[in-house]
Amino acid sequence: MTATTYCYQLQPEKVRAEFFRLLPISLFVVAFGAAFGLAAVQKGLEPLQAILMSFTVFAGASQFAAVDMWGSEVSLIPLIAVVFAINSRHLLMGASLYPMLRDMSPGRRYGLLLFLTDANWAVSAQEYQSGKRNLEVILGGGLALWIAWIIGTWLGVYFGGLLQDPKSLGLDMVLGCFLLAMALGGKKSPRTLVAWTVAAISSLAAWKWLPPNTHVVVGALAGGAIGFFWLERKTGDEDKVSAEEESST
Amino acid sequence: MTIETTNAGILALIAVMTLVTVVTRFGGVFLMSFVTINPRIESFINTMASSVLIAIIVPMAFSGDAGSLAALVVTAVIMLATKKPLPAIAAGIAAAGLVRYSGITGF
């Protein structure tokens, strides 16, 4: 059996640096976790159960939706459907990191994916667009976000009254603003702008007419289709192509 | 099929939620491991990656109140002007708070 070599090695000092890089945004996540903790105990979860859910699920929007469905009993299939639909964006986010992740052993690859969430993915994906390979932010940044989410939930279940209305402080917009900043910080080409327009229109249409929580996947796939059919020429290729065109005439 | 929210029931529900979420975290990468990456697939992946962000944000802007719209507009303007994420995000959140404090609910 030949040993496969995986060339992507996580650098511990870079993991640490990425942990501290996402620490500011993690402070906002604490506030959001507190809002979840409060919502969870109000719906009848025990404090420890709410904290356990944040510890193992670690996907905020789906947790909010799940406790919204809480009662004396919970229907299993609707719960699974909602959690899957809200988190299905992870499928695409993971897939977008695959070109980097395949250079890592399967054990580490899937271990790393346990920390995958919107904010650290956005940083990694955006840097990949500009040619930088950064999986350290998934681990380091993910740890910062995960710890913040658990601490926040803990604060919320015990001291939730302190944060009755996170919305009035604008805290519900933390993730939206963060993701927008990441999108605008990335590389913009005519192809990207067309893809964004298509993604925007189709996600809006899906949000209006398709089942709830499907809009992210619909919009992202529609945008991706633009990339599939419209290949961007690399700067090096451009000369080659124009040379070929010239030689064929 | 329903599960009662007894102690054991809640643990089972949390386990199910965890499992479903892990499937979404692993699934995309698992499926990609069967796909041969050619320039076309890579172009698809790259375009899709930034489209995910747009597909999250745009419906958020349309479904939110004046505060959420203000947050996104302010973040966009400052980000495009300064290229610095943290000030842009902080200003966006502050804008949401201010607009909501001022009582404006729609434009």
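Our numbering is plain: 1 for the first residue shown, then up by one each step along the chain.
Positions of Cβ are set from backbone N, Cα and C atoms, glycine also.
Residues or ranges marked as transmembrane segment by TrEMBL: A:20-41, A:137-157, A:169-186, A:193-210, A:216-231.
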Among A:137-157, A:169-186, A:216-231, stretch most in contact with the transmembrane segment (A:20-41) (C-beta, under 8 angstroms)
A:137-157
Surrounding residues of the transmembrane segment (A:216-231) on its own chain - C-beta under 8 Å, 6+ positions past either end
88-89, 91-92, 191, 194-196, 198-206, 210
